[in-house]
Amino acid sequence: MTIFCSHCHRPLQAEMSCLPRRAKQAPSALRPFRSTKSASKARRDQINAELQALRSLLPISAQEKERLSYLHTMALVCLRLRGAQLFPPGLAPPAGPALGTELLSLLPGFLLVLSADSKLVYISENVAQVLGLSVVELLAQGDTVFDILDGRVGEEVQKKLLLAQEEPGREVTFVSEMRTSKAFRLQHGGNRVVAVCGRFVALRWPPSPSTTAFLALCTPVAQSPTDGEAASQDDIFQSMHLLDMTFIDVTESVTYHLGYHREELVGQSWYSLLHPEDAELAAAQHRAVALGAGAGPAAGTAVLRVLRKDRAWTWLRVWARRD
């Protein structure tokens, strides 16, 4: 068999080629091996030292500092930096960290401050009494308000915040479940329903996204009793209605919650006590119960604002069934 060169097509002997062979390159000198282990350790030590320095500057107790992870440390630092940007030296945050424990304990809920892009700026320390989580533990969930809310209401909350931002000073309210501690969920059977009522305020003039903040009071809504849990008369009241939601009877404990006596409510419509913004939600609950959608004592659960006798609005978690 004759073998031809693929380059000049001349016959060749086996294992031959007319092309010049490349000269064998001398093996390159082996480079000395340099370990990066010591350099990596030095960088880690430097990062750890900087984090320790940041941790030492945080205005919290030494016991809390010792429990902080790197994630918690950075979350708290970011919270403080956002607060310093909105409230520079000389401009103290309204109802901010200067509030004493005694004064915070008098509030019906905890205080919340958000930036224009919904980032957490300030959470009052009494949040632990409502959610069972400290400020540090709550920040581990994320750095925006949507990270601590039930994700199902994210779109609705976003619309409310945009509305408030377009009209500074306009009060908006939304209700959502907030994340709680494991112990709270085991005791109450779920997260905590909280009503958030607040408005955007311009902290400096001219107003801009970097100089406005959403100031809100977060008020817990009474929990519905879980299965097998006996509800206290101080926690609930019961009422009976005709199909058009006219009161025909109500327990005397309504006085504790709304200030009315039983005789004042019998014959009135349930809708006469509802906030106008909640009428549509109440009507949807009414239709669901009337059509028999759902079963059990908690069928048709809704959170509504109800008018007290002193003309103030109070949040109630209403669960209904048709007998």
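Just so it is clear, glycine is given a Cβ too, placed from its N, Cα and C backbone atoms.
Any TrEMBL annotation is an automated prediction that lacks curation.
The feature domain 'BHLH' is assigned by TrEMBL to 31-84. According to TrEMBL, the domain 'PAS' annotation covers 102-168, 247-280.
Counting residues per DSSP class in helix, strand and coil order gives 33 helix, 12 strand, 22 coil for the domain 'PAS' (102-168). Only residues 6 or more beyond the boundaries of the domain 'PAS' (247-280), in the same chain, are considered here, and those with a CB under 8 A from a CB of the stretch are 173, 233-234, 236-241, 304-310, 313-314, 316. Secondary structure of the domain 'PAS' (247-280), assigned with DSSP and counted as helix (H, G, I), strand (E, B) and coil, comes to 18 helix, 6 strand, 10 coil.
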